[in-house]
Amino acid sequence: MFYLGMTLALADFWRVAQRPAALAVGLTGQLVLVPLAGFAVASLNGLDPLMAVGLMVLAACPGGVSAGLLTHLARGDTALSISLTAVTSLVSMLTLPLILNLSLQHFMGSSLQAQLPLAPMVRSIFLLTTLPVLLGMALRWKAPNAVSRWVPTASKVATTLFVLIVLATFWDQREVLSQHLPTLGPATLLLNAAVLGSAYALATQARLQHGDRIAVVTECGLQNSALGIFVCLQLLASPAMSAPSVVYALLMNAGGIAFVLLMRRRRGLGTVAA
């Protein structure tokens, strides 16, 4: 996120504010389209009730932090992506408990008075997203010439760190993946493909600019799976329900990287580190 801040200026976010349609489409995709797709996949695939609720928890989560990096690598509107991540993270304080209770009632015939930890989530958003971006922007404002020289190297470092973090996460969750990938893989893969495709169709139908379409697609396709795991483990006390979030984390990053490569290939660009 610090690297992304080095590529942004206040004018980029002002430009996002002047195009509310793109922000509205992104919010609609994340807050409406993704949960609907999750419900359809959970229902049509005949998932076990625990797995179905776990999938709905994931679908109700906001966009993941990595959406900003993948949007940048795909040459999308990074400022729009970061704005969408911040807004959906805050709105999910209200929507996630609502969707969770509806899912519990529909799939399991029960309910839960779920209350998300507001202060820790806001602090997490600030420390992981807002603060690094602001520091990067401040460095660019203070030393623009130096930042211009550093950006190519910083891009390679950021991409390498992203890959290492993803691999480390999968290694840490290897037992869950080996146990649940055969049963949850098809459903989570279908969800990711459906979300990526329908988000692109929604953004195209709304006649958004190319960069905005990329931001909307990556934002909708990359969920905050860490939040999904937290909700299932801490609020629902159900390790089984967290399995869809773990499996989806693997497939969404694979799908996101494939989308980045496709977008770069269409524009005649090289490797994702460029």
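Heads up, the Cβ atoms here are built off N, Cα and C, so glycines get one too.
Here the structure is a predicted model, which means the values were calculated and not measured.
Record features (TrEMBL):
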type: TRANSMEM; residues: 21-44; note: transmembrane segment
type: TRANSMEM; residues: 50-70; note: transmembrane segment
type: TRANSMEM; residues: 82-100; note: transmembrane segment
type: TRANSMEM; residues: 120-141; note: transmembrane segment
type: TRANSMEM; residues: 153-171; note: transmembrane segment
type: TRANSMEM; residues: 183-202; note: transmembrane segment
type: TRANSMEM; residues: 214-237; note: transmembrane segment
type: TRANSMEM; residues: 243-262; note: transmembrane segment
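21-44 is the stretch from 21-44, 214-237, 243-262 with the greatest number of Cβ pairs below 8 Å to the transmembrane segment (82-100). 50-70 is the stretch from 21-44, 50-70, 243-262 with the greatest number of Cβ pairs below 8 Å to the transmembrane segment (214-237). Long-range contacts of the transmembrane segment (50-70) within its own chain (CB-CB distance under 8 A, at least 6 residues past either end) are made by residues 1, 3-4, 30, 34-35, 37-39, 41-43, 78, 81-82, 84-85, 88-89, 91-92, 95-96, 99-100, 103-104, 107-108, 128-129, 158-159, 162, 183-184, 187-188, 191, 215, 218-228, 231-232, 236, 238, 240-245, 248, 252-253, 256-257, 259-260.
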